[in-house]
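The annotation region 'Domain I, interacts with DnaA modulators' is assigned in Swiss-Prot to 1-73 on the grounds of sequence analysis. As annotated by Swiss-Prot, region 'Domain II' applies to 73-106. Positions annotated as region 'Domain III, AAA+ region' by Swiss-Prot: 107-323. The annotation ATP binding site is assigned in Swiss-Prot to Gly151, Gly153, Lys154, Thr155 on the grounds of sequence analysis. Annotated region 'Domain IV, binds dsDNA' per Swiss-Prot: 324-443, in sequence order.
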Amino acid sequence: MYGDHRQIWERIVEVIKSELTPTSYNTWLVHIKPLAIIDDVLFLSTPNTFTKNIINGRYINIIYDAASKATNKLYEIKILSEDEEEYREIKESIEKENLTESTTLSTLNPKYTFDTFVVGNSNKLAHAACLAVAQAPAKAYNPLFIYGGVGLGKTHLMHAIGHFINKHQSGYKIMYVTSETFTNELVNSIKDDKNEEFRNKYRNIDVLLIDDIQFIAKKERTQEEFFHTFNTLYEANKQIVISSDRPPKEIPTLEERLRSRFEWGLIADIQPPDYETRIAILKKKAQTENLNIPDEVLAYVAEKIQSNIRELEGALIRIVAFSNLTKANIDLELAKHALKEIVSNKTREITVKLIQEEVCKYYNIKLEDFRSRKRTKNIAYPRQIAMYLARELTDLSLPKIGEEFGKDHTTVIHAYEKISNEIKQDELLSRQIEELKKRIKGY
């Protein structure tokens, strides 16, 4: 029922702009929005009847001619104002169809909208970029790459983009998927000989929202397939939004051709929320859940839980659950009692084993390989970084650190001096070390 009216209107606008002065276009025609194509009738909308009458009186023939030139087809043009019943009927019909389409393509969390996202200094660039993408898919930033640690709101923003487009745009096919799901579906398509079906699913959409892209590192076939999916969508002027726990340059074993494409658009980071933002997040959560939480309790939680939004909200839920179970009112003493285990665990003990595990996770290598005698660069270099961090973050002696790695103390000295010197010259390595320190310390 509905044609690809947005792309057709974009082509028509290019012709119109070449034939009108900027003043004429920006005064009247800029307000026109494509609504739908139904049985070769191109429905356009204007904000009010006055604008509609001006366009019908002065510019309708220009629009007809431009449509013919741009499409080599004779469309009937019908302009509706947004206060007309016919406009509302078509809009409602489109929204119903979009809702059906979007739910078959992917499931979006109804709680993850722009309205429920708390904006602060730590995330305002990412929020603004996501909103711009949602308002004008494939026109603002394409691709948009957002990165940050676990629980900071990346997935929330991606779902918010999907919800906003569903609500405000017509006819868009939106796909939200994690890179793990993408990989699993690819594996199944190969196993079941359904490659073409898989490609059609991911390449015949308008917006691709792919979460946790770092997990495709080391998966050569997945990277190959995603490379071609990316190219197909990008060349068709479709919006791509990617999230990761780190910027493209820091994703190990990511193919350079993918890395460069991820950097074509805008890269926006999300940092852990500052104190004021943590307070705002807690107040928003309390408001959403209809909870009456004293300000001093919110302040205590915001002071003690600094790592991410997920832990902040989890702490608040824990306090409420504790209150319900003990039949006690929520006050500062109850909050301290409810969170005593969480707060005490924040000062985690840093061991060499913990450092090894975090470094392995960060560089996507197996712990058994890390502790083996393998000397390949992708294992030896992270091992040297782990030795450096063990020297920096623990009070262990050099021989003891060496023993934890199955090496002697001279190897630890060499690793420490090497990484110390490289940090001074390599900004990327310096950022990686700082990120690893945060992860090891638990915030």
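A Cβ is built for glycine as well, from the same backbone N, Cα and C atoms used for every other residue.
Keep in mind the model is a prediction, meaning the values are calculated, not measured.
Put plainly, the binding-site residues Gly151, Gly153 were compared by Cβ crowding within 10 Å, and the winner is Gly153. Neighbour counts of Cβ atoms within 10 Å were compared across the binding-site residues Lys154, Thr155; the minimum falls on Thr155. Taken as a whole, the region 'Domain III, AAA+ region' (107-323) shows an average pLDDT of 90 in this prediction. Within 8 Å of the Cβ centroid of the ATP site, not counting the listed residues Gly151, Gly153, Lys154, Thr155, the chain contributes Gly148, Val150, Leu152, His156, Leu157, Ser243, Ile270, Asn308, Ile309, Arg310. In the three-state DSSP scheme, Lys154 (ATP binding site) falls into the helix class.
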